[in-house]
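Pulled from TrEMBL:
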type	residues	note
DOMAIN	3-352	domain 'RecF/RecN/SMC N-terminal'
BINDING	G30, A31, N32, G33, Q34, G35, K36, T37	ATP binding site
Amino acid sequence: MHVTHLSLADFRSYARVEVPLDPGVTAFVGANGQGKTNLVEAVGYLATLGSHRVSSDAPLVRMGADRAVIRAAVTQGERSQLVELELNPGKANRARINRSSQVRPRDVLGIVRTVLFAPEDLALVKGDPGERRRFLDELVTARSPRMAGVRSDYERVLKQRNTLLKSAAMARRHGGRSMDLSTLDVWDQHLGRVGAELLAQRLDLIATLQPLADKAYADVAPGGGPVTLEYRSSVGAEVESARTREELYGQLIAALADVRKQEIERGVTLVGPHRDDLVLGLRGMPAKGYASHGESWSYALALRLASYDLLRSEGNEPVLVLDDVFAELDARRRERLAELVAPGEQVLVTAAVDDDVPGVLAGTRYAVSAGEVERL
Ligand SMILES: Nc1ncnc2c1ncn2[C@@H]1O[C@H](COP(=O)(O)OP(=O)(O)O)[C@@H](O)[C@H]1O
Ligand SMILES: [Mg+2]
């Protein structure tokens, strides 16, 4: 798929901007702080319902405005669609498809698909497990948009179960009446059912991504690998060998039973996909804590390129976004990466200076300056 038109109102630094887009490569060039990343961030938002830079919507709304609108015309094969999201911080966001009546924001997932690589991705390697869980879950959702529903069900069940555990912990501390544990059993089953679904999808994703990540790392940093992806689950190492969702469900329920006493003491859910991590291995060591800055950067890029490969191979080609990538690379790696991505259906690149964009990425160029986006 590709985006044929992007239109923003009160998004970040833009009061209004209209950007017609072609398939192939488009480069946005301009000095720092001019609004290049803001443009690609908006495209990424349509694909994930989130920003790659901030976890809340408030900073996405232009200072002084009270809502932002992102609109995109999208073409996939013969089919064209118009998607629109209105961001209302503190209130529910709204969504529309083809100007018809409102749909839930999550219903637009799958129309715009992106793989976005940005300097913030260094946190994938160096940051907390939450960064890697988000990476996995966004990719799981890109492969299968219905997983957005599973993810939000999981969040809801987890929250309610935690509330219940918290009141149990309080009652226990204050010597109150002990809780009716059958209620907790019901929540265990909910958590087990939804959690097993999420676990199964993550495990399948990692198995599929592993060889692609290893290959991508070799492309980005020849001879620097191998790269291994290993899921580390709070449920236990046995999740790796589970063959069915039923088995995962059973393991999760058993793990919850094992920690129930601690959970009631502490008032939080201690096992489940929300406590898991993806261990990124490089030459037999965890990249986090061991890899150099350059290696970590290459690793993050390799994960994104592998994601791109995966989504392409599964049918619907995503838009590849490379935000500020080329300046980090030496000339040889720059050319390699450019050759790798040049055949993509749509590639959006940002760079501070024209010379950073490799020659093989000929295509449309826009100059971005003080919120003006001008075709060159
Ligand atoms: N909500 C907002 N309202 C107004 N301006 C914003 C908002 N968020 C970010 N900006 C401005 O956008 C600019 C950064 O744009 P960005 O796209 O990140 O720049 P770059 O071209 O370097 O990628 C900064 O000058 C920042 O002040
Ligand atoms: Mg930028």
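Note: Cβ is positioned from N, Cα and C throughout, glycine not excepted.
The Cβ of N32 (ATP binding site) has 8 neighbouring Cβ atoms from other residues within 10 Å, across all protein chains displayed. In the three-state DSSP classification, N32 (ATP binding site) falls within coil. Neighbouring residues of the recorded ATP site, listed in sequence order and excluding G30, A31, N32, G33, Q34, G35, K36, T37, comprise T350, A352, V368, S369 (Cβ within 8 Å of the Cβ centroid). Proximity to ligand 2 at the level of Cβ atoms, with a cut-off under 6 angstroms, picks out T37 from the binding-site residues G30, N32, T37. In this chain, no residue six or more apart from G33 (ATP binding site) has a CB-CB distance below 8 Å. Sequence-distant neighbours of Q34 (ATP binding site): residues of the same chain at least 6 apart with a C-beta under 8 Å from its C-beta are V368, S369, A370, G371.
For the domain 'RecF/RecN/SMC N-terminal' (3-352), the mean pLDDT of the prediction comes to 95.
Checking the binding-site residues A31, N32, G35, K36 for a CB within less than 6 Å of any atom of ligand 1 leaves N32, G35, K36, listed in sequence order. Sequence-distant contacts (6 or more apart, same chain, Cβ under 8 Å) of A31 (ATP binding site) comprise A352, S369.
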